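*Asks:* Per Swiss-Prot, the features are:
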- C411: active site (ACT_SITE)
- 52-53, Q130, 176-178, E196, R201, 243-244, 264-268, 274-275, Y323, G493: NAD(+) binding site (BINDING)
Amino acid sequence: MSDRLDNQRVVRAPRGPEITCKSWLSEAPLRMLMNNLDPEVAEKPEELVVYGGIGRAARNWQCYDQIVAALKRLEDDETLLVQSGKAVGVFKTHRDAPRVLIANSNLVPHWATWETFHALDRAGLMMYGQMTAGSWIYIGSQGIVQGTYETFVEAGRRHYGGSLAGRWILTGGLGGMGGAQPLAATMAGASMLAVECQPSRIEARLRTGYLDRQTADLDQALAWIAEAGAPGAKPVSVGLLGNAAEVFPELVKRGVRPDLVTDQTSAHDPLNGYLPAGWSLERWERGRERAPAEVIAAAKASMATQVRAMLAFHAQGIPTVDYGNNIRQRALEEGVSDAFAFPGFVPAYIRPLFCRGIGPFRWAALSGDPEDIYRTDAKVKELIPDDPHLHTWLDMARERIHFQGLPSRICWVGLGDRHRLGLAFNAMVASGELKAPVVIGRDHLDSGSVASPNRETEAMRDGSDAVSDWPLLNALLNTAGGATWVSLHHGGGVGMGFSQHAGMVIVCDGSEDAARRIGRVLWNDPATGVMRHADAGYDDAIACAREKGLDLPFLG
């Protein structure tokens with residue numbers, strides 16, 4: 001669609017205390033929408049693509065302009081409705097209602113396929129919102145760094161006596177999500193070999209400090225990895241220009257043994273996200289326009305080849321995990337009957353955190369001043385003094401993570417801490433300690449906000465993997481509680497037909513009204529995750545629910 005391409009337009013969120021909307025409650029979503037399209041943040045801002053293949057912030061540039069205009073005239077007792085990246089209505093509500101309600105990429109289940117989506121997308125009736133692209137709370141690769149770091153650290157505990165020092169990880173994909181992997185690996189003490197087919201993505205990760213080195217030579221890459229494995233050597237992350245469907249099997253053939261194997265290519269989208277083996281980027285780009293069925297068939301066959309290599313590593317006893325891009329499902333569809341022999345990362349490493357409502361809590365400084373983030377970092381340490389792992393993360397993040405767009409931070413905290421931090425940040429705005437309001441949000445990948453049987457809800461204890469009532473309830477409760485904007489999406493992470501998920505963002509503007517909303521929303525949101533896992537029979541979640549005094553009738 002030509003109305004999606006504008007090479008002349010550069011979008012950047014305003015900074016500072018002056019606003020162009022009628023209040024911070026509408027200025028905040030305006031700035032975060034614009035921040036999603038900042039060239040420092042977005043993968044292809046000229047096409048409105050933020051990350052994740054074709055995850056967009058708005059349906060087309062006309063729709064973007066209409067959203068911006070609607071936000072600038074929005075009153076504090078009105079709510080803007082956004083349907084798959086298009087502003088479709090402004091309605092009278094009340095001051096504590098969300099200023100924006102967003103629904104992206106949702107399809108009736110029988111029609112929830114990429115084929116149906118692409119037809120609607122080509123007709124200009126829909127866009128793919130991914131998770132935080134269409135919900136306007138993407139913060140660049142930092143948004144996934146800590147979750148990836150936590151996963152790698154837990155893998156070290158589980159498989160290697162507590163540490164990944166001297167070990168190395170093999171992966172594919174350095175896009176908006178996958179680009180977090182190299183930095184997360186070296187933070188966790190491991191080296192990484194990351195295979196990426198697009199030079200621009202490797203260069204972007206080098207530029208932002210997420211990646212240490214690049215090469216197109218596999219032997220050179222392996223030599224660097226070997227050097228970093230020597231006693232006393234520092235871990236290194238290497239971006240290898242190549243195709244994972246070719247490199248992974250070659251490593252198996254050579255008898256190379258990584259210490260952990262995973263993948264974050266955009267396999268969720270076989271048309272736009274995965275380069276078929278043997279194809280050039282130019283052939284791939286032409287094929288997507290002229291012969292999409294051929295591209296999809298070739299991509300899925302290549303995914304099957306990569307998964308067979310991952311299964312070979314798994315059979316050798318090497319820890320191997322799916323990192324949530326649905327590559328196992330694609331391989332299964334191509335006849336790899338044992339594609340699910342290795343687990344997803346959530347049941348393997350993350351679910352115990354979800355049982356306590358712990359997940360990706362993120363915030364951004366609307367002032368644009370990094371000092372506001374550093375002050376909030378200090379506040380987190382002050383309010384959670386007895387978590388050395390969290391403190392280590394915050395110290396490493398300040399030292400090693402480059403801000404992309406508006407300064408922001410992510411840290412994994414849970415029920416009981418999120419609302420305390422939110423209230424503290426709001427008080428810092430009120431006192432003038434922060435130069436402008438902050439927004440608090442999260443990934444849709446959280447404990448109570450997603451149904452995704454091949455990722456977040458894989459292998460639930462009670463078999464409820466595919467029950468999607470939970471993210472709907474999460475969105476409804478956050479709307480009732482007064483989040484500033486709430487989103488409900490389909491297909492994020494794993495593609496059409498495989499997930500439903502909800503997001504929320506709340507503004508800390510220093511007001512007493514904001515404090516009341518924050519107290520409700522940032523308690524209720526993680527509490528739904530504890531509720532969901534308690535209902536599934538997880539003892540840790542049941543204990544957490546009782547400890548926190550949650551009123552869950554099924555517990556008696």
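Glycine residues also receive a Cβ, built from the backbone N, Cα and C atoms like all the rest.
Map these features onto the structure and tell me what's around them.
*Replies:* Cβ neighbour count for C411 (active site): 21 (other Cβ atoms within 10 Å of its Cβ, all protein chains included).
Its Cβ taken as reference, G493 (NAD(+) binding site) is surrounded by 26 other Cβ atoms within 10 Å in the chains shown. Reduced to three states, the DSSP call for G493 (NAD(+) binding site) is coil.
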*Asks:* Where Y274 (NAD(+) binding site) and C411 (active site) are concerned, what is their Cα separation in Å, rounded?
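*Replies:* Approximately 30 Å lies between the Cα of Y274 (NAD(+) binding site) and that of C411 (active site).
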*Asks:* Can you check what DSSP calls G52 (NAD(+) binding site), collapsed to helix, strand or coil?
*Replies:* coil
*Asks:* Tell me the coarse DSSP state (helix, strand, coil) of G176 (NAD(+) binding site).
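*Replies:* The residue in question, G176 (NAD(+) binding site), is coil (DSSP, three-state).
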*Asks:* Would you mind reading off the Cα separation of A244 (NAD(+) binding site) from C411 (active site), to the nearest angstrom?
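*Replies:* The Cα atom of A244 (NAD(+) binding site) is 30 Å away from the Cα atom of C411 (active site).
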*Asks:* Same-chain residues six or more away whose CB lies under 8 A from the CB of E196 (NAD(+) binding site)?
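*Replies:* Sequence-distant Cβ neighbours: G172, G173, L174, G178, I202, G239, L240, L241, G242.
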*Asks:* Do you know offhand how many angstrom separate G52 (NAD(+) binding site) and C411 (active site) by C-alpha?
*Replies:* 21
*Asks:* Through the lens of DSSP with three states only, how would you label C411 (active site)?
*Replies:* strand
*Asks:* Does anything in the same chain, at least 6 positions from G176 (NAD(+) binding site), have a Cβ under 8 Å from its Cβ, and if so what?
*Replies:* E43, V50, Y51, G52, G55, Y138, G140, S141
